[in-house]
Amino acid sequence: MNALTATNRYFKQAVRLLGLDSKLERSLLIPFREIKVECTIPRDDGSLASFVGFRVQHDNARGPMKGGIRYHPEVDPDEVNALAQLMTWKTAIANIPYGGAKGGIGCNPRELSTSELERLTRVFTQKIHDLIGVHTDVPAPDMGTNAQTMAWILDEYSKFHGYSPAIVTGKPVDLGGSLGRDAATGRGVVYAIEALLKDNGKSVSDQTYVIQGFGNVGSWTARLLFEKGGKIKAVNDVTGGVMNNAGLDIAALLKHVEQTGGVKGFTGGDAVDGNTILFIECDVLIPAALGGVLNKENATEVKAKYVIEAANHPTDPDADEILSQKGIIVLPDVYANGGGVTVSYFEWVQNIQGFMWDEEKVNEELKKYMERAYRDLKENCKSRECNFRMGAFTLGINRVARATLLRGWEA
């Protein structure tokens, strides 16, 4: 099931639980604006190449729209729409004053040189500069883009509007990026796990973990859990998987990955097939890679007590129901991986104030926001008698609906 179908299914369930008016429901679902632009650039060999860039701005009832820009060959408009909508609910759940957006360019960044990527980013920014803004829509990095991409957007945008560091987040620290942003999503996942375990009378150090995916989010999650005494039984990435029932030495694994570019060949454990990692017996399973990895075909094989969604949309709605029937508690992505956008918000705040925080303050504030969001989520689940996913969706949608009604949407 694709991301849009799944998101819409959750949205409809949540709207029924909330008892929202059908006109308001339509208004919340339809994006505020969809932008599509042609980006033509000279290639290094002198030939011309054209790419399609777009931005979906979903909702601005609670504040400026916020979301990533991805460079990927298959940028599917449906998926971007779903991700923009998810950002609206995610920022509302975290209770930060943003709406949702998402965008990107249909290109393969690996086939473009650095100077071609720079030209492409600048052309794209020229085409949308009057439709984004510090108080309108604030982009961030996503798949295939990074801090350097944000630096180019900042520079190009500033040519039209004067120096505006708050136009993008996820920038290099030298250009007003926030300390702690790199680890933010993984750190947020760990704070979410701590809140959930504490609520159930447990602690990080007495649980076992399996992490699927060892990119930015997976590796930071592993590192921080390991530092807190958690036993990580298995991890994997695109190169392969590694398992050790006594617990992996994550510090050594990180060194190995840095030297070899992947988990494969790590001597501190046994090699495991990457696809079977989701079904290893553990307390906490953390999918931190791609979407749709847990589906109705394989969800019955999950042997964890908790599933923490560090990736976007790793669990299909059908799998969600199966896990629920098995009594497995799922902490949904719209809450669990909200650390990234929360620290993006801190970066934006620092840029607007022109006053930068130290890393300790960033992490302290992040902890506060993740814990507060967990309490709100838990209370909402109690009062509506639903699971965490419906609790999160109803919490987020209700906040956006209230803001929409207060602003007077029918006028």
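Residue positions begin at 1 at the first shown residue.
Heads up, the Cβ atoms here are built off N, Cα and C, so glycines get one too.
All TrEMBL annotations are machine predictions without curation.
Quick look at what TrEMBL lists:
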ACT_SITE  Lys102  active site, proton donor
BINDING   Lys66, Lys90, Ser344  substrate binding site
BINDING   Thr185, Asn216  NAD(+) binding site
SITE      Asp142  site 'Important for catalysis'
Spatial neighbours of Lys66 (substrate binding site) that are distant in sequence (at least 6 apart) but have CB under 8 A:
Met87, Thr91, Tyr98, Gly99, Gly100, Ala101, Asp137, Val138, Ala140, Thr169, Val341, Ser344, Tyr345
Taking each of the binding-site residues Thr185, Asn216, Ser344 in turn and counting other Cβ atoms within 10 Å of its Cβ, which one has the fewest?
Asn216
Any further residue of that chain within 8 Å (Cβ to the Cβ centroid of Lys66, Lys90, Ser344) of the recorded substrate site:
Gly67, Met87, Thr91, Ala94, Ile96, Tyr98, Gly100, Ala140, Gly338, Gly340, Val341, Thr342, Tyr345
For Asp142 (site 'Important for catalysis') and Thr185 (NAD(+) binding site), determine the Cα separation and express it in whole Å.
12
Listed in sequence order, residues with CB under 8 A of Lys90 (substrate binding site) and six or more positions away:
Gly100, Val334, Tyr335, Gly338, Val341, Gly396
Please give me the CB contact count at 10 A for Asp142 (site 'Important for catalysis'), counting all chains in the structure.
20
Over all shown protein chains, what is the count of other CB atoms within 10 A of the CB belonging to the residue listed as 'active site, proton donor'?
29
